[in-house]
Amino acid sequence: MTCWLHMLGLHLLLLPTAPLAAGCPARCECSASTRTVACGRRRLTAIPEGIPAETRMLELSRNRIRCLNPGDLASLPTLEELDLNHNVIAHVEPGAFANLPRLRVLRLRGNQLKLIPPGVFTHLDSLTLLDLSENKLVILLDFSFQDLRSLQRLEVGDNDLVFISRRAFAGLLGLAELTLERCNLTSLSPESLGHLRGLGALRLRHLAIAALEDQNFQKLPGLSHLEIDNWPLLEEVAPGSLRGLNLTSLSITHTNITAVPAAALRQQAHLTCLNLSHNPISMVPRGSFRDLVRLRELHLAGALLAVIEPQAFVGLRQIRLLNLSDNLLSTLEENTFHSVNTLETLRVDGNPLACDCRLLWIVQRRKTLNFDGRLPACATPAEVRGDALHNLPDSVLFEYFVCRKPKIRERRLQHVTATEGDDVRFLCRAEGEPAPTVAWVTPQHHSVTAASRGRARVLPGGTLTIADTRPQDSGTYTCVASNAGGNDTYFATLTVQPAANRTQGDGHNETQVGVRFPLDLTTILVSTAMGCITFLGVVLFCFLLLFVWSRGRGQHKNNFSVEYSFRKVDGPAAAAGQGGARKFNMKMI
């Protein structure tokens, strides 16, 4: 008996004495120190009774609760966090969250909610986080969140959303983060987003939206972080799609864009982090990021990058991290950068790198550059295939990392005379180590490369082809072969003569005769002499006619007399002059 009493006393001493634990509901675990009640995975179908009034955190996740009714939580005025994730809640009645003035976190992820009735979140003035993801929401009605003035983070991803009304986000003056993912939205309403003046981060993931319109984000002046991920229908980022934003972080990943959105990026001078990974981008043209003077991180991993043109990263004066891993790059030249002195972390692993002089700048910095634990390795030449750049001995540098300047073979002068409409070719075969790239410069000082599209193109071997030649194509063409070791040039000339007969492109056959008159000194002198002789002949012919006509009139009297009598004038002077009539003798020639 004494032994039994002793064991009973010991058992009583071991019982919890905390006041919160004394009022703990059945099938729940309570903690007095943190004022937490944990009732997760208990197969509960309703809010349990007997929850201590001083509870701060209530965890009811992964149960079978179907509905929240008014008054279910009214006895918990000090509640700060409520977790109702992964139940089967289909209805939340207005007033269900009444008398919860201190509630800061409300989690309703993974339920069966299809609609949020007006007034459900009334009086939740302290709520800062609301998670409604993984439900069955189809539409967000006007003023669904108007009473949540303190809300900072809203999660509504993984729903069946097809429409967000214009005033759905009205009242969310303090919202800082919004996530929309795995919805059926096909467009973004600038009017609905325009109510989120204080929004700082917007995450848009797994959406079937095909285009970013110019006005999508114009009313979000405070947005600093924009994430666009898994938009398989997005093929282009319009130049004005980011207008009005002052982003510091931009991520556009797992889309179908095939080019760097350089025009849209020019307006983002405050950008410090840019992620364009996992897009089918095959080339980075020259100057693609020239206006991003504050950029510190650039990610282009897992794309289809095969070519990065010289000066592609010009303007990136503060670049610290560059991630080009898992692409198709054979090299990365130093002249690609504005300056490599600021670079701290470089990821070029997962590329078929050719270990030659173009990578010498990386090898020389292999002890100070951070490769983030992913060491790049050589794919060629065969002697060092699979060797990590970081582990190459210095003796290898003089054997494999040496360039040979390009040299153009067959330097015989090419002069081609073609008729308008003909196709012509100019050869330019160059050799060097590494293999040089060939470009041509036209008489109009335009550069023609292998990537050019038009009548003039450069074939893989360096040959220039000009289709459908025209007279304005005439002139001197310059071939420029270049690699990391230098360049070599070669000249060719083309003369295009106009065609005599030309078929117009409108479907009507018209014959145009083009006659060329070569103008030289002999032609001018002969033409002048012929003109003078013709003029003099005409003059002589006229004199001859006059002579013959005058002879045909017969003999004429050449002399004749004219008698003239002065008129009488009164006065003395007149009297003295009276002497009769005077005669004049004249001869006609």
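Glycine is treated like the rest: Cβ placed from N, Cα and C.
Quick look at what Swiss-Prot lists:
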DOMAIN    406-495  domain 'Ig-like C2-type'
CARBOHYD  ASN184  N-linked glycosylation site
CARBOHYD  ASN246  N-linked glycosylation site
CARBOHYD  ASN256  N-linked glycosylation site
CARBOHYD  ASN275  N-linked glycosylation site
CARBOHYD  ASN323  N-linked glycosylation site
CARBOHYD  ASN487  N-linked glycosylation site
CARBOHYD  ASN501  N-linked glycosylation site
CARBOHYD  ASN509  N-linked glycosylation site
REPEAT    246-267  repeat 'LRR 8'
REPEAT    318-339  repeat 'LRR 11'
TOPO_DOM  24-528  topological domain 'Extracellular'
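In the three-state DSSP scheme, ASN246 (N-linked glycosylation site) falls into the coil class. Note: the Cα of ASN275 (N-linked glycosylation site) and the Cα of ASN323 (N-linked glycosylation site) are spaced 9 Å from each other. For the repeat 'LRR 11' (318-339), the DSSP counts in helix, strand and coil order read 3 helix, 4 strand, 15 coil. Taking Cα separation as the measure, ASN323 (N-linked glycosylation site) is nearest to ASN256 of the glycosylation sites ASN184, ASN256, ASN487. If you measure from the Cα atom of ASN246 (N-linked glycosylation site) to that of ASN487 (N-linked glycosylation site), you get 42 Å. By the criterion of other Cβ atoms within 10 Å of the residue's own Cβ, the least surrounded of the glycosylation sites ASN184, ASN275 is ASN184. If you measure from the Cα atom of ASN184 (N-linked glycosylation site) to that of ASN256 (N-linked glycosylation site), you get 18 Å. ASN256 (N-linked glycosylation site) and ASN487 (N-linked glycosylation site) have their C-alpha atoms 37 Å apart, to the nearest angstrom. Following the DSSP three-state reduction, the secondary structure of ASN487 (N-linked glycosylation site) is strand.
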